[in-house]
Amino acid sequence: MISLKERGEEALSASLAAKSSLLKEEGLLATETFCAWCEEAFRRGGRLLIFGNGGSAADAQHMAAELVNRFRLERSALPALALTTDTSIITSVANDYHFSQVFARQLEALGQPGDVALGISTSGESENVYQALKVARARGLKTAALTGQGGGRLREVAELVIAVASQETPRIQEAHIFWIHLVCEVLEEAIFGAKD
């Protein structure tokens, strides 16, 4: 049996490789574009709408919390909304329509042209994330997907894909949190100034 130390070193090495993949040229350019979209939306009164399933739903909520409350700076709130939190909406849409529509229906109600929609899926294959990005794009929102495993079918509907170079869900999730924190830090500094 592999020791805890060996398992930890393997996991750490794979996690660092996954995170580092986001700092390569494609990941950097996509992240810079995403940050520019969000900054522009926030400055003109628009919003960031975030969604995903399971751990990605938690990541959506985490990102919204960092932006609405604060990340590192004492500053005004930024308008970010996780579409994963209202159980009444989610269950009514799932019951009356289909679970594939739980985020799409919310984007139809809340999304405005110029807002930014971020779908999170480690596989890039989540049907409800796919449907939501389709609706968002049709409504004039900027659309981005935070994925792993090459981006999956979300590449078909997202204008921008930030794909972690890994096939392992835990490592992809760790890289997603790294990316979320990086984006929050960049946005705070761009909008409110660097921390002294």
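Including glycine, each Cβ sits where the backbone N, Cα and C put it.
What TrEMBL lists as substrate binding site is Asn53, Gly54, Gly55, Glu66, Asn95, Asp96, Ser121, Thr122, Ser123, Ser126, Gln173. Note: Asn95 (substrate binding site) has no non-local neighbours, i.e. no same-chain residues 6+ apart with C-beta under 8 A of its own C-beta.
What TrEMBL lists as Zn(2+) binding site is His62, Glu66, Gln173, His181. Taking Cβ-Cβ distances under 8 Å and a sequence gap of 6 or more within the same chain, the neighbours of Glu66 (Zn(2+) binding site) are Ile180, His181, Cys184.
Around the Cβ of Gly55 (substrate binding site), a 10 Å sphere holds 16 further Cβ atoms from the protein chains shown.
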